[in-house]
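Here the structure is laid out as structure tokens; the discussion comes afterwards.
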Amino acid sequence: WVANSLDFNKDYDASVFETTIRVVGGLLSAYDLSRDNVFLEKARDIADRLLPAWDTTTGIPYNVINLARGNAHNPGWAGGQSILADSGTEQLEFIALSQRTGDPKYQEKVEKVIVALNKTFPADGLLPIYINPDTATGSYSTITFGAMGDSFYEYLLKAWIQGNKTSSLKLYREMWETSMKGLLSLIRRSTPSSFAYICEKNGDSLTDKMDELACFAPGMLALGSSGYGPDEAKKFLSLAEELAWTCYSFYQSTPTKLAGENYFFNPGQDMTVGTSWNILRPETVESLFYLWRLTGNKTYQEWGWNIFQAFEKNSRIESGYVGLKDVNTGVKDNKMQSFFLAETLKYLYLLFSPPTVIPLDEWVFNTEAHPLRIVNRNDANLAALEGQHKPVIKIRSRKTGRLGGN
Ligand code: DMJ
């Protein structure tokens, strides 16, 4: 079907982010697992159609592009701005594509984004969800590890892992560690039960709200913890375990035992569901998978099994699975998101498979759970791009002296 029927020449306005993580990522993963060139060729075809999205003054991409015509823009509801997660979650796929095709153009586009964001990266490493593509700076908007922010932080860590953590990638790891300082500043604990949660931030004020989407963070923290010295590593792993308990409790706290889309933390009440739908999201089971792999603690398998049972009970229909309109009543919607197969069921499967199935020292999962092979990176691409932005310091020759020259 991929060889004979898959055709990307469609007059269709596609999300650059969703197409990258689902389609480019899926095809590259199929290539890495099978070594069948047809997948690499198709990945290149769709990536070439996405590339013009990065042709902006700063290199921060527009987030929507027409696949047949190549004209790009930002969604109307974003007021002309680019979205942080949509602009900073293509690194793994485009770097992998450059590595596998030998053509550096894909990697260059996505690394320019990181270098541009790093130029004005704040001390806490937290960026607002709207970025101005003309200036590469954040516009006044929410800071969050949930919707529209999340996978930017995930890819800082994973791009470093993807290249086998070599020194040529240290910018990614440094930026990620800076952002983790910011994450720590957003942690609060509920009353009466002391659930740790990650707040959102607007200007100087924190909101006691956490999206289920932010439940990828425990897995990310666990995965990144080993890059720290022993004390820090312990601290981050223990925070990851605390946050995973909170996320699991998002599920346990509802009558269906499935989590709502977001939660509020009010004094004395622990967690209260806000938006109450469930669209079969994977983030909590993703984190349980990482925690089980990295700690060996079987509790995470038990929690994953309970979540799986709740999907079986509430979401299973004859032809597949559907989301719920409301986790309190169990009323179903009529949609099965592709990430239920790509991520939710895959992470559950891996939670009950031996660690030798897709070992984490050989593979890195993109944000849609498509495994990509870790390939050593020692190229100078990132350093060269950084150099382009450094102020050019002219060394005066002794001859021209202080006032000399032209
Ligand atoms: C997935 O498409 C990806 O994990 C993405 O990063 C955000 N969340 C959805 C699934 O919830």
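Heads up, the Cβ atoms here are built off N, Cα and C, so glycines get one too.
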- prompt: In TrEMBL, Cys215 is listed as disulfide-bonded to which of the following: Cys199, Cys247?
  reply: Cys247
- request: Kindly point out which of the recorded positions Glu18, Cys215, Cys247, Glu261, Thr367 have a C-beta less than 6 Å from some atom of ligand 1.
  value: Thr367
Active-site residues: Glu18, Glu261, Glu283 - member with fewest neighbouring CB atoms within 10 Å: Glu18
Cα-nearest neighbour of Glu18 (active site, proton donor) within the listed recorded positions, Asp150, Cys215, Glu261, Glu283: Asp150
Statement: Sequence-ordered list of residues in the chain of Cys247 (disulfide bond) that lie 6 or more positions away and have a Cβ within less than 8 Å of its Cβ, or none, is Glu212, Cys215, Pro218, Ala259, Glu283, Thr284, Ser287
